[in-house]
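Engineer: Feature list, courtesy of TrEMBL:
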type     : residues : note
REGION   : 8-42     : region 'Disordered'
COMPBIAS : 12-22    : compositional bias 'Basic residues'
TRANSMEM : 89-106   : transmembrane segment
DOMAIN   : 92-252   : domain 'Sodium/calcium exchanger membrane region'
TRANSMEM : 126-146  : transmembrane segment
TRANSMEM : 158-182  : transmembrane segment
TRANSMEM : 194-216  : transmembrane segment
TRANSMEM : 228-250  : transmembrane segment
TRANSMEM : 284-303  : transmembrane segment
DOMAIN   : 284-422  : domain 'Sodium/calcium exchanger membrane region'
TRANSMEM : 315-342  : transmembrane segment
TRANSMEM : 348-373  : transmembrane segment
TRANSMEM : 385-403  : transmembrane segment
TRANSMEM : 409-429  : transmembrane segment
Amino acid sequence: MDAAAMEAGRKLPARHGGHPHGRSATGRTAHGMSSSSLRKKSDAALVRKVPVAPLRPVLANLQEVFLGTKLAVLFPAVPLAVAAQCFRFGQVWVFALSLLGLIPLAERVSFLTEQIALYTGPTVGGLLNATCGNATELIIALFALLKGKIEVVKCSLLGSVLSNLLLVLGSSLFCGGVVNLGAEQPYDRKQSDVSTGLLFLGVLCQSMPLLLRYAVGAGEHAVAADTTALYLSRACSVVMLLAYVAYLFFQLKTHSQLFEPQEVDGDGAEAADDEEATLGLGSALFWLILMTVVISVLSEYVVGTIESTSQSWGLSVPFISTILLPIVGNAAEHAGAIIFALKNKLDITLGVALGSATQISMFVVPLSVLVAWIMGVQMDLDFKLLETVSLFIAVLVTAFTLQDGTSHYLKGILLLLCYIVIGACFFVTRQPAGIFALPKITLIYA
């Protein structure tokens, strides 16, 4: 596990020069700072008491990886999910335990990418955060594609965007507004303007196949709707990926100062601690690969048991994929966003919510379409009318909410209520007929 490098890394300061705009040497993003709020320092006292000296670096490494997070209590769900699958405890148990196990694993992936970024520099570190920030959603989407469950892919990715824009941002603004009731809550509009602009482009690209299908159905155009929509979706996916590459260049190179989380008084010591590597490069790479493999196993369990769970719980697959999967899968970064909102650091909160939504919409969604193309699966960008309109309204409401550069708790309430209404709509879809019907009343006339 590269114990020697790990020990050397403990004393390694930030090796790269500061960014001219004050950007950290690791190129840390708001997403990374949000995840760091869930971490805790490991107590090395017990490790030093181990009588066998060669074991101490190994135990210190294990302690840092598995106990260096406040979510460590959820790690037992990982072996329990594997045991439930191997011994056939029931697919509902496999589904629930796998979801719980994904929560700490997602946070640890973020931690490990930051550790690697300390050795690779700000550009590579920023690219790692940009590609691994939503690794769980991407892996779940890939396994769903392998099983031909296109609906699960679309609903889970759509749900991730809705969850970040409405649930995460809404709960953060509400909690931050209540705790900081008498204080001003400003944030930099420039970052939110860039993200919402990209999100509108994503909505446009996802709307074109839907509009084409309706135009053909109305007889306005005479084209093969199915194949043409598929080709249009692939072309739009290429455009979205090009836009995302331009966004990364904009974020990491030319305008990185817009995305640098602002520190307030008292954060200097904490930031310095975060800049110090606690794992060696080889050790961080090893654990990153291992965590990714474990996430892949649990993601396969989730995808394989979602139908059985839907029948057992009496919930539709779209509701589970759109609402439950994103809430649980992004729980770590959601909690981090709320924590920073409570500290009145809304730039970090906005960076987490909008950055994650942008990454899903402009990177994971088009990448899924192109990967499906390679696999021979006909996945397009037609998310159906209800889903597409819900996404458009979510982006529109978020853009209007963030247009003045200040926040208060009422904005959070409005976003949360929008999410509840959309969630209720997905809840009632595809339910058995008459499940919400009022009982019939027979009137007897004398």
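Don't overthink the numbers, they just go from 1 along the chain as shown.
Quick reminder: no glycine exception, Cβ is built from N, Cα and C everywhere.
A TrEMBL annotation is a machine prediction, not a hand-curated record.
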Engineer: Cβ pairs under 8 Å with the transmembrane segment (348-373): which stretch of 89-106, 315-342, 385-403 has the most?
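Structural biologist: Selected stretch: 315-342, with the most Cβ pairs under 8 Å.
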Engineer: Is the count of Cβ pairs under 8 Å between the transmembrane segment (409-429) and the transmembrane segment (315-342), pairs 6 or more apart in sequence, 3 or more?
Structural biologist: yes
Engineer: With DSSP helix as H/G/I and strand as E/B, how many residues of the domain 'Sodium/calcium exchanger membrane region' (284-422) fall in helix, strand and coil?
Structural biologist: 117 helix, 1 strand, 21 coil
